[in-house]
Amino acid sequence: MWPHGIVPYYIDLDTYTTGYSRWSIKQAVSAGLQYLQSVSCIKFIELSKLDSVTLALIGHRHAVRVYNGPGCWSHSGCSGCHLRRNRNTTQTLSLSSSCANDEIVQHEFGHVLGVTHEHTRTDSHLHIGVNYSLVSDPTAFYRKIHPEFVNFAPYDLSSIQHYQTPAIVTRRPEDAWLKAGMGKLTHYDEWNINSAYCSAGCDRSYCMNDGYVTGSGGRCRCKCPEGLTGSRCETTTTGNQYGCGGVVYLTGHTPSYFLRTPNYPSNYKSRLRCVWLVKAPRGKIIHSSIEYMDIPATSSGCKHSVEIRDRLVGQVARENCGNAILTVSPLKAHQILLSLF
């Protein structure tokens, strides 16, 4: 863990051979880290060199050296933080010219913060299988226990820390498309980082419905998945003001519920957005299906669509349109988020 959530770094530009490669790596690092800062309390401080005076003012003497190495890789966590505080330590982060990409920068600096590969979590076998005949380095997929960094969030197939490779097979065939979304920072990636660095003194159990608590700005607050809001993420962004949306509770007395668009069977208004959160008691499984849908599809995709988040309410799901009947296979989930937009 980095002291005070401050990560000093400097880019060793002398290791990049062209003016363009120097410019592109600086742009990628700047953009990638700026976004990481915007969703957490982490502070990345760029140094022109390993400056002992500046490091002393920061409060610790550890820094990251970004250089043009063989590929994209990083050490995990602050590798020198266990040493004496009055001793300068530098750890390396390799970003070759081909790694000049915002998401790659976020992936590697995620490792710097201590975040590990999602597919090496001890619960990964519940979500994925690995075809080792397609793997050159099997150790990259071994499940590991990482005592220095706790995974606070549920397993996320879309995580920026998840490998995207044909060797990975999802346990549910219909989840295979989620692999296409790997490589971007997700709500659950932000949850892990904020819980590790930005929630001291906060009650991590306070937030509901996959919201997470963060202490950014000196006070505890909940960061909600897209589509949810409220001080505890307890409600949807659209209530009944548009004649749709809201929280639906399924119980033994009301085990089913039919959702309809406003004005059904007539058309709903253009630019309408409806969000429903459907909840059942823990231990129960929600079955869902679309019995009738008539949402025009275009050659480039969906102009309007229905999205059913049946795995994690904060995980972006496939957009559905057209007029096909859709059945969502049951999952061991007691809540789903359904959006019409």
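Each residue, glycine too, has its Cβ placed from N, Cα and C.
Predicted automatically and left uncurated, TrEMBL annotations should be read as such.
Note that this is a predicted model, so its numbers are computed, not measured.
What TrEMBL lists as domain 'Peptidase M12A' is 1-199.
All protein chains considered, the CB of H107 (Zn(2+) binding site) has 26 other CB atoms within 10 Å. Taken from TrEMBL, the feature Zn(2+) binding site applies to H107, H111, H117.
Annotated active site per TrEMBL: E108, in sequence order. Spatially close to E108 (active site) yet at least six residues away along the chain are C72, W73, S74, L93, L95, C99, judged by Cβ distances under 8 angstroms.
Here TrEMBL flags 244-341 as domain 'CUB'.
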Any further residue of that chain within 8 Å (Cβ to the Cβ centroid of H107, H111, H117) of the recorded Zn(2+) site: S74, S76, E108, G110, V115, T116, I160, Q161
Other CB atoms, at most 10 A from the CB of H117 (Zn(2+) binding site): 19
Those residues of the chain, 6+ apart, with a Cβ under 8 Å from that of H111 (Zn(2+) binding site): S74, H75, S76, G77, Q161
DSSP three-state assignment (helix, strand or coil) for H117 (Zn(2+) binding site): coil
